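Engineer: First the structure, which I've put down as structure tokens, then a few questions once you've had a look.
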């Protein structure tokens, strides 16, 4: 994987740089409730500003469906972004963009209005690409989380302007290359979450890539059912047991060991600390019980597996982690991975919305080698798919 970074960009005196960032942050009552994505822009935007470029931020917000609206305007994000960057950020609407850009001074940073106010943005329309390109001299893509989309601002611009990866994009691509591109072996993957159906392509791809595949969450029940285990009234996609068997067969052929729980935490009701809570062997689940977490013996065995590995890719929780005590397996395994990473024996990469929340809950987000905030793009990377926004940067 070869792509140009900000190290290759040269003298920026008198240049205007279009930077695609991800500003699609959660907001409540006009305030940003999680500024993770804003903070991810700091390295790129401040570096370009310090080098004297006029910096224009391209981003989308919500789903305005090609129509301008106050609700989806990026105007309200100029101030929060300025706060995070520690320097002024102005806002430019599409009505006055050319004059406003011309009036900017070297080093100035401005947020352009929502790219999705153009109907052609999501269609990668050449006219929209040209409209964006007319404002700048150089294109920087710093939004890995939008790299799975072939849109005008994420893919099209890279073909008409000199294109570079921003610092956040560069860090993400290097981490992912280390995890699955050219990993140190043995490699383990933890895949959890509620449904097999949402991660079928991930599982199919991983069995040919990793040495150990650890399956948890509700999706483990479908694999247990495929192996003839009665899972009671657990969440289970019985119509996919055939597909689960195929994945297990392919794992055998590829030399990938699949780890399923052999003891589980069950309950008759799904509430915090229910009276019917118990731990049992997977073959002892009663007809009126639900499997809600991986059991402690299996977690201990999985921790031993991680101790033999050099690389870990993690996506999805081991159990219903939002409700105690069904967070125990996720927390214990995450803490093992974090400890191994801190001592230098494991490279750990994790991503996906639920995953970040689960690792936050375990208090280990800062201890993993790399945490991706990308949802769909991270999953598509785990599926082995080419990401248009990344492919356009390669040269």
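Just so you know, glycine gets a Cβ as well, placed from its N, Cα and C.
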Engineer: What does Swiss-Prot list, out of 87, 116, 131, 185, as binding the same substrate as 22, 23, 24, 37, 60, 61, 62, 63, 149?
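Structural biologist: When Swiss-Prot describes the substrate site, the candidate it includes is 116.
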Engineer: Could you tell me the maximum Cα-Cα distance in Å between the residues recorded as binding substrate, namely 22, 23, 24, 37, 60, 61, 62, 63, 116, 149, rounded to a whole number?
Structural biologist: 18
Engineer: Comparing the binding-site residues 62, 352, which residue's C-beta has the most other C-beta atoms within 10 angstroms in this structure?
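Structural biologist: Answer by Cβ density within 10 Å: 352.
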Engineer: State the Cα to Cα distance, in Å, between residue 352 (ATP binding site) and residue 22 (substrate binding site), rounded to an integer.
Structural biologist: 15
Engineer: If I take the Cα of residue 62 (substrate binding site) as reference, which of the binding-site residues 322, 354, 355 has the closest Cα?
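Structural biologist: Considering only the listed binding-site residues, the nearest one is 354.
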Engineer: Quick one: among the binding-site residues 22, 322, 354, which has the most Cβ atoms sitting within 10 Å of its own Cβ?
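Structural biologist: Counting Cβ neighbours within 10 Å, the top one is 22.
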